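As annotated by TrEMBL, transmembrane segment applies to 16-35, 83-101, 121-145, 157-176, 182-202, 214-236, 248-269. Look at TrEMBL and you will find 294-321 tagged as region 'Disordered'. Sequence annotations record features per position, and here TrEMBL assigns compositional bias 'Polar residues' to 312-321.
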Amino acid sequence: MAVSGLLIRYLGGWTSVFYVFGAVGLAWFALWMTFASSDPSKSTHLSDYERRYLLETMGHLKQKTKQNLPPTPWGKIATSAPVIGLIIAQIGHDFGLFTIVTDLPKYMKDVLHFSITSNGILSALPLLLMWLMGILSGWIVDFLISKKNWSVTFVRKLFLTIASVGPGLGILAASYSGCNRLAVTVSFTLGMGTMGAFLPSLKVNALDLSPNYAGTLMALVGGIGALSGTVSPYLVGVLTPNGTLLEWRVVFWTAFFVMLITNIIYCFMGSGEIQEWNEPLLMKEKKALTAGAQPNGASLKENGAGKKQDGGENNESYVKE
């Protein structure tokens, strides 16, 4: 955002933004194709220690290789309470994030009347702090889990709560700061900064639930959650036809309640434990063992019934005699 404002002012308007960032995207793609690989064992840019660490800690531990991994257990995933809770939390997070990212510049222009250059720089500050807080909160989460032995489930829920309630309070404080530019900027920046806590909570929770199917799970959760990004800009347009402060206050209250309610649902349904369907082969083995035990149990009951019947006949013959 900060760079966009400068490009618009000094390099010929909006077209320069698309050219510059399009070129940056192509450069990133070239680097990705050069250095990325689908498996640590195939990478030529890892040290032996890094390669060994990744192979030991990533998914497919029991199946050893992707080729031996059974098909995705879609039924189990679709009915898994932790997955449903994670999807709901992603919807709430994306709704709040897209509301701020896409419409904060509009708020800065309509309500606070910032110039394009100032608008871009100030709108970028919350995202910059969110990035820094994401890194810091990641260190804190690792410390709490590895050193303090806090449960993964509790830590995930705690930090997602911070990432949901913090931004909500920040945008509400901004809406009640009137046209005080400093107070509004500080409120937005601090509130959105706390959203960085979603990285070591919401974004990694799929790895907790299923290391073997984490890629599929993250795509499912992220894809459904991103649909809220299509709703948020439209809703903002409907709620702010005149761009007044009171209209924007309704938008921020709406975003606050969406993030709060979805977070509460996640706190009840979410989990940081590996789910049973992460290992389909073990599930089949358990079912086979259970199914194999049932005939034996049935035969034991039948034998017991037969003994009782035989015993009854013997008793009857004894009485007759």
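Cβ atoms are placed via backbone N, Cα and C, with glycine included.
In terms of C-beta pairs under 8 Å, the stretch of 16-35, 83-101, 214-236 lying closest in packing to the transmembrane segment (248-269) is 83-101. When Cβ-Cβ distances below 8 Å are used as the criterion, the transmembrane segment (182-202) is approached by residues 86, 89-90, 93, 96-97, 100, 104, 112, 122, 125-127, 129-138, 140-142, 155-160, 162-171, 173-174 of the same chain, each at least six residues removed from its ends. Scored on C-beta pairs under 8 angstroms, the neighbour of the transmembrane segment (157-176) with the top count among 83-101, 121-145, 214-236 is 83-101.
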